[in-house]
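Some features that TrEMBL has for this protein:
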- 6-31: transmembrane segment (TRANSMEM)
- 43-62: transmembrane segment (TRANSMEM)
- 74-95: transmembrane segment (TRANSMEM)
- 102-120: transmembrane segment (TRANSMEM)
- 132-151: transmembrane segment (TRANSMEM)
- 172-190: transmembrane segment (TRANSMEM)
- 196-215: transmembrane segment (TRANSMEM)
- 227-246: transmembrane segment (TRANSMEM)
Amino acid sequence: MTLEVLLPFIAIAAIAGYFQTVTGFGLGMIVMGATSGLDVAPVASVAAVVSLMMLTNSAVALPGKLKHIDMPVIAATVLGIVPATVVGVLLLDYLSGSAASVLRIALGLLVCYGGLSLVLRPRQRETLSSRTSFFISGVLSGLCGGLFGIAGPPVIYQCYRQPLAPVAIRNMLILIFAATSGMRTLFVALKGALDLEILTLTAWAIPVVALATYAGRRWPPRLTPIAMRRLAFVTLLLIGGGLIVSELS
């Protein structure tokens, strides 16, 4: 593992961990998009590391916050996530060998969609969506999470439509991403695919993400929610657009 790989990865992990803590999302999209754009490591390896980073982030961010979470909603979402995550991992194995460029373009599109979903803010509902609706968003998120370690866009859109306080939405998202990451990590481990590269990147990333998460809890930015969304939109659009352009050119 060279410094040319390690230093950019650690810097990206720190930024993503902080951002995830103050918004509830973004870790996977930033890490996957930026590392793929810089060609730091293979998509499959980074996706596995992102899952372990997400578990670290949730372990530091969630203690004392679970009272804000609607557990029946979480249960319905996770029921959709679990089988779809397995399908996503198997699909990644297939595409990594036969269609690497298609995979990177799909990742770029997903990151761009994640950014657009922040500015195309869904109209908030007056009542909570049905459990079936959360289950379907879980299936879509599980596929994205299995493929890229990024469960974000479908469930972010679903959660921001709900008549819930921002703190509840943020903590719901962190817990849902933790469930996706846990399932993905378990399946990859059972396949024997947690190789030395993944474990080395994870060993360096975990303390960095833990410190960045603590910093996010202790020193959140003095930005309005609208300003945070705009910053996230620009960041994700640049990352996703850069991935697509680099592959098409």
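Using the three backbone atoms N, Cα and C, a Cβ is placed for every residue, glycine included.
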Task: In contact by Cβ distance (the transmembrane segment (227-246), the transmembrane segment (102-120); 3 or more pairs under 8 Å) - done: yes
Task: Stretch in 74-95, 132-151, 227-246 most in contact with the transmembrane segment (43-62), if contact is a CB pair under 8 A - done: 132-151
TODO: State the residues, same chain only, that lie 6 or more residues beyond the ends of the transmembrane segment (196-215) and have a CB under 8 A from a CB inside it; answer 'none' if no residue qualifies.
DONE: 1, 6, 9-10, 13-18, 20-21, 27, 41, 45-46, 48-49, 52-53, 56-57, 59-61
Open item on the list: With Cβ-Cβ distances below 8 Å as the criterion, list the same-chain residues six or more beyond the ends of the transmembrane segment (172-190) that contact it, or say none.
Closed with: 20, 24-25, 27-28, 47-48, 50-52, 54-55, 57-59, 61-62, 66, 68-70, 73-74, 77-78, 81-82, 85-86, 88-89, 138, 141-142, 145-146, 149, 151-152, 155-156, 159, 164
